[in-house]
Amino acid sequence: MLGSKDDNMTPESTDKKGLFGWLRKKGPAHEQSSALAETQEPSSSEGQDPTAADIPLLPASDIGPDPVKPGFFARLKRGLSKTSANLGEGMASLFLGDKAIDDDLLDEIETRLLMADVGVEATTAILHNLTQRLKRNELANSAALYKALQEELVCLLRPVEQALSIPAETKPYVILVVGVNGVGKTTTIGKLAKKLQCEGKSVMLAAGDTFRAAAVEQLQVWGERNQIPVIAQHTGADSASVIFDAVQAATARGVDVLIADTAGRLHTKDNLMDELKKVRRVIGKLDPLAPHEVLLVLDAGTGQNAINQTRQFNQAVDLTGLVLTKLDGTAKGGVIFALAKQFGLPMRYIGVGEGVDDLRTFQADAFVQALFTTHE
């Protein structure tokens, strides 16, 4: 199977009233420069820039500090810029001036939510709650409505704001990572391994994607860069066997966390999904409680298709958490609200860039704030 560009990436590298109308009816380089300066003949041409040798060196104290690396919120806001332009800034444009709260404004809010892939179910819930607050005269003007909308979005996400917690007494803590082709599973595993390592945990990787040689090689690169052991076999080996061996090795070495990669598979192929069930059963023979975490990696750019993927994988292997990647490359990040509403599965991490630090622990308030903060 062919992975996506992200999977192959090495580290560092028309009815006006619409839904709301229906709802109302229903009711509630320095060295090179020096060399050039030595070899080139001086020129008498006017206006020519001075050579490197003519430029006085600044004392060390006059050299400015290294550029400051953007903080958490700045990187989050930058990573969500496309979704923000579609949802946050797009929504803000509806409230310019002292807008009257009427049916047209509410219908525009509905349209914006649906266009951002928030989904029908989540959009219905948001509009229903806003309508109830309007009926109770809680929202005096459009500014209050705008604030209430953001509050409703945060309320949708707070239940799924559950960070991954790894008990110290559980060794190895087995994380099984699943997903369709091209969502960035292997890259996510590498970033997660580094993240856990920085938190003081010993980590081991299992190259369970035996169908794709590049996946094994990519995982081994992550391991070499970070001194993390990788258990792997030849291409085409039985994935369950590789992961079984990895669990045994992690147990013998007293490793804190084992992260197991799996081959990308279409959620519509029953035989491939059955293989995942086998992997889970085999791991359970060594530890009845393992895998302790089953993470589904989703590409935010797939929009509402992420809903179908989550449903099928959840039925097959009982998911315990989600990772939403590639948010920096799409305007469809609103699907996170649909996922939260329909499944309530913990959103463990979000990917907002290609850097190792761009795999972020999900925070509901910061996420919505980044969407609605004006981008300079």
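Each residue, glycine too, has its Cβ placed from N, Cα and C.
Copied over from TrEMBL, here are the features:
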BINDING   179-186, 261-265, 325-328  GTP binding site
COMPBIAS  1-18  compositional bias 'Basic and acidic residues'
COMPBIAS  31-48  compositional bias 'Polar residues'
DOMAIN    346-359  domain 'SRP54-type proteins GTP-binding'
REGION    1-63  region 'Disordered'
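Feature map: TrEMBL annotations on the structure.
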residue	record	Cβ contacts under 8 Å, 6 or more apart
Gly179	GTP binding site	Lys185, Thr262, Gly264, Leu296, Val297, Leu298, Gln309, Phe313
Arg265	GTP binding site	Val180, Asn181, Leu272, Met273, Glu275, Leu276
Leu327	GTP binding site	Gly79, Leu80, Thr83, Ala300, Gly333, Ile350, Gly351, Val352
Leu327 (GTP binding site): secondary structure state under DSSP, collapsed to three categories: helix
Number of Cβ atoms other than its own within 10 Å, given for Thr262 (GTP binding site): 28
Three-class DSSP secondary structure - Lys185 (GTP binding site): helix
Within the predicted model, mean pLDDT of the domain 'SRP54-type proteins GTP-binding' (346-359): 92
Number of other Cβ atoms within 10 Å of the Cβ of Gly182 (GTP binding site) across all protein chains: 19
The domain 'SRP54-type proteins GTP-binding' (346-359) - residue tally per DSSP class, helix then strand then coil: 3 helix, 6 strand, 5 coil
Thr262 (GTP binding site) in three-state DSSP notation: coil
